[in-house]
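Presented below is the structure to which this report refers.
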């Protein structure tokens, strides 16, 4: 991988962004793949909720704790130091280290012996995933100029919903897969001997799902290492942008604290996450318990289409923001706000409906 440093001089990149158009697109798509894996591994536990609850005899409160607070706390706490490191170190390398960490930890969730060990592995996933977005956003900012940056970030953010789609499409069917069936499949492709010491009759489908879905991230990390270049910092800034000394962490926090818009945005994002993660965590158990569906049916027929449509909305959010921002400075806040407000009555209606077609 070719490394560049903050000290390099940007020239025509002020207009076109770093690298050729085709290469910029490749980098953006690779980062979207990374973000997609981030959300597959993050959301998989919600897809596998019911079999995990059954295996460990958990209450909904215990499972809610498993899927929320430990993950959220470590994700939030580790995000700041990793973001600080991304300001000073090679951002691509940071992403690679983090994707390998969270992928291995996701796979280890499949061998968890109980509530505590599963929680510890989930904390490992959180620490790794905290290192995805800060350096990725920074890299995109250097590859893409301001006029097309919102669209680029919208494409990158599609990883959130695409990750949900794939977590449903693969997690649900794997959760209903029996250990012996999976062992037979491994034999059929010639690698069963590598796992001859495993008694497949004792292996549950949800464990297989964590391992099978977690490990591909290691491969993506290797591809990222050898194919994505670290861009010069500030390469896509406009020609008249002022270069100032890097602010300290204290100065940065003081600057943010003085901006009411930051606090409103932070509170709004926190509330959206509060609702969104709660919905995702218990959506599949709701369909299983209230409508009698299996994990596979609930995941494929309802979860995956919902996430697929959300991916379209994510892209449109970035596109519309780029389109209207020249005439409306607050478009970046108004456009997602409209979507969120419209979603509330639809969700309420769906959860109180007895018809699966409406849900």
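Positions of Cβ are set from backbone N, Cα and C atoms, glycine also.
The transmembrane segment annotation in TrEMBL covers 23-40 (among others). The list of residues near the transmembrane segment (23-40) in space but at least 6 beyond its ends in sequence, with Cβ under 8 angstroms from a Cβ of it, reads 17, 95, 99, 102-103, 129, 132-133, 136, 139-140, 143-144, 152, 155-164, 166-167, 170, 213, 216-217, 220, 223-224, 227-229.
Per TrEMBL, domain 'Major facilitator superfamily (MFS) profile' is recorded for 27-359.
The transmembrane segment feature in TrEMBL is assigned to 61-82 (among others).
Here the transmembrane segment (94-121) has Cβ contacts under 8 Å with residues 31, 34, 37-38, 41, 44-45, 52, 56, 58, 62, 66, 70, 82, 85-86, 127-132, 135-136, 206-211, 213-218, 220-222, 224-225 of the same chain, all six or more residues outside its ends. The transmembrane segment annotation in TrEMBL covers 94-121 (among others).
The transmembrane segment annotation in TrEMBL covers 150-170 (among others).
The list of residues near the transmembrane segment (182-201) in space but at least 6 beyond its ends in sequence, with Cβ under 8 angstroms from a Cβ of it, reads 208. The annotation transmembrane segment is assigned in TrEMBL to 182-201 (among others).
Residues or ranges marked as transmembrane segment by TrEMBL: 208-228 (among others). Here the transmembrane segment (208-228) has Cβ contacts under 8 Å with residues 1, 26-27, 30-31, 33-34, 37, 40-41, 44, 47-48, 92-93, 95-96, 99-100, 102-111, 167, 170-171, 174-175, 177, 179, 182 of the same chain, all six or more residues outside its ends.
Feature annotation from TrEMBL assigns transmembrane segment to 262-288 (among others).
Counting only same-chain residues 6+ beyond the ends of the transmembrane segment (300-320), those with a CB under 8 A from a CB of the stretch are 47, 150-155, 157-158, 160-165, 167-169, 172-173, 283-284, 287, 293, 331, 335-336, 339, 356, 359. Summarising the annotation, TrEMBL assigns transmembrane segment to 300-320 (among others).
Annotated transmembrane segment per TrEMBL: 332-352 (among others), in sequence order.
Within the chain carrying the transmembrane segment (262-288), a Cβ under 8 angstroms from the stretch's Cβ atoms is held by residues 43, 45-47, 49-50, 53, 60, 63-64, 67-68, 72, 164, 172, 256, 294-295, 298-299, 302-303, 333, 337, 340, 347, 351, 359, all 6 or more beyond its ends. Same-chain residues lying 6 or more positions outside the transmembrane segment (332-352) and placing a CB less than 8 Å from one of its CB atoms are 150, 265, 268, 272, 279, 286, 313, 317, 320-321, 324-325, 358-359.
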